[in-house]
Every structure is written in C-alpha cells, then in structure tokens.
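Contents: one structure, followed by commentary.
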C-alpha cells in the first residue's frame, strides 16, 4: 500500500481588490446599510497638540485650538472650582497633519511617580504659566498631563488620537464607547466632583471612496471538490472595503496590514484565511470628474482645475486559505510575496513561488515534525507539528485574550458566552480579533457555540448585529465612527480593555458562578497575567535561519506553556461546572417515540439543577436552556465527530475536585513530546531555469506593483516530482464499526498498565483484558464472515458474560463499544440493551463514545414487531412445557437405571462365553459377525481425561480401574474397564453391518467429554456403536491368558500417588514396539460413516497377540504392559483427531503447531510462556521481555510449524474430496492410544496414516516476534485504521502481516475464542480465491485445520542436554513427536528419573531438587540444562502421571517449601545461580489467568 502524502498547508491563493483591466470605476460608492443610529461625521484630521490654559490668569485659547468646556453628557465643568487661589485650568487641543499625531495620553502625580518612557510632561501653558491641574495648597499633589507622539515618518495611516472628552461619574456619566479613560482623577482635591479624561484612538483620514472588493485572481483555478473556494472570500480579505484614497504626493506607503478570518461551513467545519492589505498606485484616468472632485483632486472653486501635489492610491489584498490555523507561517509567506512584488528584477516569476509553496509545503505530521521552508536566501519560515491534544485545533490565542482583557474581564466574557449573550468584539488590529474570538468559543469547551460566529465581520455583513439571536462578531473599530452599537449588544473593546453594556441586557454577576471554582480560576488567571506581563514580548520579528534552528523552540516553548496553562484554567472551571453530569443522562431502553431526542428525555434537568449550589441556580437555569447545552447532551447521547474530545473532557471531570480551593497538581492539558524524531524537512526555493552554456543570467521579471496572475507562469502539478495530491476529506477506516481507541483511552490504558505491572494479579488481568480487546477488534470481520451474523453477535455477547464471570479487568470500553455498534449496524437493539445492562452489572459507567453508540443502536434500529402480550403468552406456554418435561425426568432416569442393570448382567454372561472361545482360537483368523443387541461389551481400562487433540474441549470423565500395577492381561479387569468407560460415555447399543478388517493395529481413542454435538451429528459421544464393536472386545478377551503374568483382583482398592509412582518406575523393561505395515483397503470397500470414539476403539483389523493398551508409559492409565503386549503393537497416526468442533474425527488437512517458548541467548536458558508474560514491560512500544534467570532483555519468538497433508497440486474434485467428512482414510483406523505419550509421537511422518496416498507431509516452519498484548493491540489498531477491518478476513493476511496474524492466532486459541484465523491459513496455502466468495475458507470444516499449542519448544537443540521428561519417554520406548537429535548424557539415567519421581511422590521435593543439583554438578563445569530445575521436575511429573493428574498449584506450594528448606543450607543466591528458583508470583498469576498450554 503506497504511503499517503500529508495534506497541504495551503489550498488556495487569492488576490482581492478593485476590478482591473483599465475599466472606469462605477460612480456609485459602496455604502453598507446602517445597522444602528448614525453618528456625526468623523473628524478629518487627528489631534497633534494638547494644551492647558489658566482662565484665572487671563489666558485665552490659542489660535487653532479647541477648548473642552462641557462634559461628555453636556454638563458644565470647571477644574479647581470654588477654591481660592485656583487658576481655573482648561484643557485644549489642536488638529492637523503638520506633525505626527498623539497616540497616548496620561496623568502624572508629581512626586509620587516618574513619567513613563517615551512620554512628555505638559508642565507649562502656552503663556509660560504652570499647567498644574490640581488646586493649590498642601496635600494636593501637582497634577500634569503627559502625552506620547507617533514616530516620525509613521505615514498617513498611523493610529492617533482623534477625539477628547471629560466625564463626571457623579452625574451618571460613563466612558463613551470606543473611548479610553485615564484612571487618574483630574480634580483630586476634597472639593469639587471627580473629573476623568477620555480619549479615542483611530484613523483620521479624508478623501476616500469605498467599494466592495472583488476577486482579481486565484490559484489554482479549479475548485477542489471537497473544499471549493467560497464566493465571499474577497470581502473577508478587505473587510472595510476596497478603497481609493487621495494622499499628499510625498506620503510614504504604510506598512501592510495583516488580518485573519474564519469561514464556517454549514456542517460546522472551519476554513482559516490570512490576508495582507497594502496600497498601490491607482491611475487617475480611471476616475470620473465626480470621483476626482470627491477625492479632492479638482478644485471646488475653479471647476475642472486639477490640484497639484496629490497622489491616488487604492487598497488591495493577497490572501491564502487553509484548513490549518498556521497564521505565523501565512504572515511570513504573504510578506515575502509583497516584498517580491515591490523589488526586483527577478529570474523567477512570482507565480512560480506561489505554486511551489502550495504544492510542496505540507502540514507537519509525526513523520515530518519540523518543516523549514526557505523562500529566498533571506526569507525563511519554520513549521512545527502542533501539540498532540484531544482539544480541537483552532486559531485561538489565550495569551492575547488574557493580555487584552485581563483576568476579571475574561471571566465576565466567559459568563456572557455561557449564557448566550450578543457579543461584539472590536479592535483596530484585525489580526487580534480572530485570535480572541477563537479563544472565546474555545474556553467553553466541551460546549460548542451554535449561534452566528464571525470573528472578522466585513461591512457587507454588518446587518448581523441586528439579528434577534445570540452571536459572537468581531469588527474593526472604525465601524463605530459611523454607527452606534445596538442597545442589546455587549461591546468589548480590545484596545482599551473596556466592556460596554446597557441596562436592557446586563450580564449576571460573577458571583453567580460556583464559588470555589470561580476563586480558583480568578487566582490562576491573575498569577498567569503577572507572568505574562513579565515574559511576553509580542509576535516575533523576522526570524533568521540561525534563530529558527536554535532559539525558536525555546521561545515558542515558553509561550506554549503559558498558553496551555491559561487554557487549562478554563478547562478546569468547565469540568467543575459540569461535574457529575453523566449521572443525570437518561439512556433509551425501549422503542423510541416522538420527541426521543429532546433534551428533557435525554437529561434529567431538574435533578442536575438541584445537585448544584443554591447561589448558582440562576446561572444554571440559563445555561441548561441554551442551544449549546442541548447540543452537548445530544452529542453525549448519540455520538458525534467530537467523541474523542468529549471523552477527554470526561477524564478531566474525574480528575477535578470542585470543593478544593487550589487547582490539582497534575495539569489537565499536558504538553506532550511532538515527536521522538528530531527530523527537520528542508524545503528549498523553486529552481531557477537552466541557462545555455556560455550565456549570462539576465533577470526577466520586474514589477511596479502586485501583478496580475498569469496561468502560464505557474508550475504545473505534473512537473513537480514531489507534488502533493489535492486534499480531500479525511478518510476513515473502511470498516463500518470504529473499534479504535481515542488518545485519551490510550493514555488511561498506559497508566493502568504501569500501575498493574507492580501488582502480579493485576498484571495478569491487564494482559488478559487486552487479549479480549484484540478479539473484539477482530469481531467485525468475524461477524461479516459468519453464516448467521445474529448468532455471531450473540456469541460475542456470551464472551462478554464470560469475561464478567472471570472478573477480567478491561482497560477501556472498546469491547462493549464494538458490540453495540455492530448491534446498530445489523439492527439488534434488544441485544444492545442487554449489553448495556451487562455493563451496569459490571459497575462500568459508559463513556461518551460507548453511550453514543448505544443510544444510536436503540434509536435507529428497527425493533421487533408484535405486542408484548403475545410474547408473554408464548413464554408462559414454554414454561409449562419445560415444567412438564422436568416432572417426567425422574421416571425416565429410573427406567434407564433398570435397563443398565439388565444389560450389565447380560454383558457379564456373554463376556465369560467369549473368553472361553477366544482362549481356544487365539491364533486363528478372526471372523466378524453381527452381534446381537444384548451382546456383552468387554472393558478396557484407560484414562479418559481431556482430549489431547482438542485443547478447547472440556475434560471428560476420568475412568479408572482398580489397583492394577502388576497385573498383566487381567481379563476381568479389562472387561470391567471397557464396560465402565462405555457407561460413562453414554454409548448406545451397537448397530451396523460387519466389515472385515485386516490390520494389526487399533485406532486412536480420543474423548471429547460430555458436550453434545451441535446439529445432532452422529460423531458425538452419544453415537451408536458399529457392528464390529463386540467382535473387537472378543479379540481383547482372547489375549488375556496369552499375555501371562500376575493377576490382581478387580476389587483391589486404588493406590495413592506414591504407589502409582512406584508402579510407574519400571518402564525400561519393555521391548520396543514392532511396526507392521498395514495392507491397503480393498478398492470396492465403501467409505465408512463417521464413527464415535468407541467405534474406533472397537474396530480390529488384525488381532494382535496381546492387548493393545499400554499403560506403564501412559500419562493417565494405571496398569503396565508386558513385553509381549508391546511386541505386536503397531503405531500409526490416528485418522480421527479432534478438531475445534466436538464430534469431528476426521484427519486434519492442515495441522498448526505453535509454541512461545523462547531461548535467552545471554544465558542459554529456555523461557516459558508465563515467564515471558511476567517479563513484559507496561509499554506498548517495547518488544522485549526480561529473562528470569539472567535479567537480560531479549525479544521472545513465537515458533510456528504447519504440516500440510493435502496433495501438492489438488484438482477441484480431489480438493473437494479431501475436505469431505466422509472421505475414507487410507490405511484404516490407527492404534488404541490410551497413553498421552503415544499421542505426542503421532507427528512423525513414518507413523502417519492420514497422508494421501503415502505422500509425505509438507512441513513449513517459522518464527516471529512474540508480542505483548499491549504491543499487539497497538499494531492491530494501526493496521485496521490504515487498511480497514476487511484486511483481517483476507487470505493474504498470514503472508502480509505474519507477526500480527500468528500472535492473534496464539492468543485466540489460548483463550478458546472462535475466529476465522485458522481458515485463513488454509486459504493462504491455496492462494487467493478468484472464482468464489471467501465464505468457504472463512468458515472451513473444523476437521480441515487443527491448531495445537505446545508448552515446550517445537524443535529441540541437538547441542543441549535433553529434558528429563523426554528421557522418560525415551526410556519408556514411547515414540516422540520429534526424535531427540543429540546424545544423552550417561548421568541422566533411568535410575535418576525414578529417584526424582519417588521423592516427588513421597512429598520430598527438596530431595528431588538436591539430587538433580548434585547430578548436574556446579556451573560452569557441570551439565547445563536449558530448562530450570523447577521446569524439569514439573514436566517429568506430568509426563509420568499425566497433565490432568497433576495439581500445578499444589506442586508450586511443595516446590516453594522445598526451595525455602534448601535456601537455609545452600543460600538463595546459590540456588538462583543454579536456576533452581520457581517462577515469580507474576508468572504464576499469568499462568493461572491464561492457563498452561495442554501439551509439551
């Protein structure tokens, strides 16, 4: 799969302004409709001077000055009024353009403070008297005005003071809108009212024509289908309109103005824009006479005479549009383009730089965390990957919000947004508006603003201010030079840090906020505001390349830390505000009705309100009825695209404590590492065109202004090898359910894993929970491939209940979430309700994502039709029928007991007759005939424990005989044993026709327990016996006298463990079994039907001279075989191996062996599965485990071996025959294998009778990394997210992703969970299927594939010492699965094995350990066993007694006691050095949770 290219940083480049092509400008100017009362015309010139005159001293107002004689409300005022000796000062000001304007005023109390830098003190009047504004006398500090002037050459468009006024608060006057009030009182004396000076800053300019902006150019020309260029972009690029202005001829061009804006789509998606506004020359020829007169170009007295010394300029803008708010990068790029257009000449056109930036600069990603773009040798910009956070990405700047408004005003605006008021934010800096408005809508997270939102509103859209709905609008402050704001709008001036509101629409008091969370928020913001005042330096200057590569991250890191702390303070407040809201959610539990999506039906409003503080009820009453809260409850109930962010907020709610008066020590918004890689991608400027040899480089492109874009000069996308495709919408995984965890869930799971790693029990349960999570990740593919999808969903539901009964600790809710979404997808709302009830019973409160999937399944799925009364009556009828059946059950059981007693009596009589007949004709060829139904069955003693062929099958009944340790051929005991076995298995009466067999071996015996076969298959434990059953028992009874030897009575009491071990300690006396090749089947023999386990047992081919059940080397039987009994034994591979489905006894076409036992190369020791699990680290990126012997890390391996018995090139007919359940097996049935050690030897090719036509089995081996469930889950989630869940059902999965596949197969088989993975192995061997649907190999015949999990290694090391349990089997002459390839040390004799077993049987484990240590000798001179002492003794005991006869828990206790006893004499360190310690508690708990693999 090709790597997807990262998305573009910029999608469009546009040019906006007045229409070009030299056409005349329309006569009508563009004036927007007034949205408020009109103000008087603004002044044409700024204030350049301010003065103070003393009326009492006879001073007059200077020429050109204006005197302030009344307050803003029209009240007459006089400074120092009524005081003797007062000078009666009056403030005057003058307008003009002869000098730079004033930009700031101040009031200075002499002696108490020093003037601010850059300010001048107005200490004298124009007539050289004192300009003190305070009354004379002691106690009154001398008060002077101070001012600051704009710098020389600031230009025509420099901001300046445009108006002054005085206010009297005692008369009820407030600060006028858009004015800034000085905090110092101009009348500080005891007499007279307080007087404050206010001033207004703005742009004072005249002779301007305003028109609506138009689109002059764009690139690319074609719209992207997923992101078309909005038509309103030009008016946002020039929000105050495209203007034509008349300037003095020598006026310098002002610095370009940078602005940002946000366009919101109908679906709520945002498009970010950045524009650079600048002026350029405009030809006079395009102006009409009327327009020229309006601009002041023609004399108003002498008609038609042009005035000299004037220049005409027009405003234009260039802009970029993107889905990413990378405003600093956009500013640098647009500034570079503007400089490029006013300089030159250049060898490359401007269009080449535009297309190069759009196509070749991607948005930073984890693979490219830092991108350094070099636009020219002197212009560079650095792009860094945003901080990974669950919070939505936006263009908000909380630092600018806090710096512009301060802590108290910021909290006041938070209250206004929460109660959905009309907010109008204005400033003279257009780039500040977007950052602050974005912060306003971001600080109410998780609530989402639902009303109109325009961070930078153009004049053409100013009528939104009169809308009757709440809104957040940002606008340029010059708008208020013409209009007053509406009465019901709250205005916020970012330049003066003031809030203007009327009495009609007044905000709630901040005291209505929750008391303690409000105090914590205010204290936190105040502290950060002080830090911001000290460290914040504003936007960075033009950055050099050296700065970008060295100090940029340090500077940005400090800003990012403060940014996240301010955002975290608001987030904590919102978490405290909504604490406990999930308790009041109302889930849907029945078929939905009208109004099911109403907030009253989804949320208990009154209950939530009563749970809050009484002082805050007024706030909550308004908040609960807002549109954004209703939308929030709907998103929590039915899910949305913001589910990851909502889940993160829920985790924040759990962390906060509203009753505390200090914030939590752990920050809610953490700064994460951007990437572990320090990779910086360097993007060079576009290449200059190649020149012919010998020619000189001549610049070709020179611009007088920003040129008109020419399509032929853009570099086409095909010419760029690294070009990025046009971005489309983000593609989700193809799978319908989304089983992916959110980033917050991954963090929580990581923390849980780290805590669980310190507690052994929790670590094992943590791994088990992740294993179940793996299965549910694969559940969508399993359900799609199932014949009955509804049944598959119910299977998953039973797995959930099994997890609950097993007290499995789940790290997240993915298991429940996947099942609920599948219920929604396949229309199973009732099952979804049952899953929700299971969650509640397990004490799990569903998070936002799970809760949304649940309600969606209940709301959108079709509920079953029918009335509840009908279902209730059917249920009652069902109960009546079941009750009647239960009453008849005792009668049926009594009849069966009587029939069994009669049959036993008849069997005993028949056995005696058969025994006499067999004694006289044991050497003759048997003749099989159909027995009568009452023919007695003979008994054979064997172990009927768990099936060695099917680890998933439950253990069957254990059938034992009496004490038969020295009995050889005990006839009555054998007969009684077979009868007891048949009674335990519930075998029916024999039926069928006699079939002559000619073979000297008996078939395999495999018991599946008491689980019935689905579908009533005749292959189960309750199937009927064939006609040959009794004849086979006759053959067994005839061999009894010939075997000879001692006989014990059948009624001898059973021996204990010590007696059984003593009985088993003579295995080496038997001679090796001779193998007799069986004759081939007659060609005319019809294929036999499927048989039960007892059918296979009772089918003789050729009567051997003695009984075929060998027990001295058995893991489960209790009697020995004589030498003669082994001499005629012919071992062949069973053709009726158990597969995944009980009752299937067909030879598997493909056998898979898996083992996780791995070798530590550091100490040459084998580490077993539970030890590997205990050594894993709680890290989803660490593949290593820790060796329990040398503590060295290493990567464990999962060994895989596949044995394929199918033909090499199967034809369609043969392929179908090989998979048929009734296909005959060449060679007939195999021998009776009542011994587990004999079962382990069936993988030898020479012992197989299940191969086709004698062909050898194809064996393929491999080893892959054995992954922790944490690591495997991360890799599987990545695979599903990138390729969809369909990849888990493709036959290419084993070859394309072998590590993931084999690890999944190992865990699923280990936990006995159904899956389609075994079928994928079979399909991958056949190759992809092109002519048929994948269902045949997704649900293969269970007999086709068999998976066996082994505890020990698959292939032994020939250079190492053999394990003791293998030596026991070698001494016992029992064929192995793999013949030991190396020599056997003489010290590891049979006597040693017998001694070890004897000590174990006598509860003297310490002696067994000491004996082994003494025999091996001290390292490094002694023998080196790859397995530890604990493992050697355990495996030897299990090989001698059988796995089901060994209580591993009791063995661990005994071994621990023996270790402590030896440690007192030898020391624990010495025992550990010689690898005699037992597994750690963590390893033992892992084995307890997962269970030991059934085979060695």
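Here the Cβ of each residue, glycine as well, is placed from N, Cα and C on the backbone.
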If one consults Swiss-Prot for phosphoserine across 932, 953, 993, the residue flagged is 953
Candidate annotated in Swiss-Prot as phosphoserine, out of 365, 1071, 1092, 1211:
1092
In Swiss-Prot, of the candidate ranges 720-744, 745-769, 770-794, 795-819, the one given as region 'Disordered' runs 720-744
1067-1119, 1120-1172, 1279-1331, 1332-1384 - the range that Swiss-Prot marks as region 'Disordered':
1067-1119
Swiss-Prot record, region 'Disordered', of the ranges 1205-1227, 1228-1250, 1251-1273 the matching one is 1205-1227
Residue counts for the repeat 'PPR 2' (812-846) under DSSP, helix then strand then coil, are 25 helix, 0 strand, 10 coil
Quick one: mean pLDDT on the domain 'dDENN' (528-644)?
80
Residue counts in helix (H, G, I), strand (E, B) and coil for the domain 'cDENN' (390-526), per DSSP?
62 helix, 20 strand, 55 coil
Taking DSSP states H, G and I as helix and E and B as strand, how many residues of the repeat 'PPR 1' (775-811) are helix, strand and coil?
27 helix, 0 strand, 10 coil
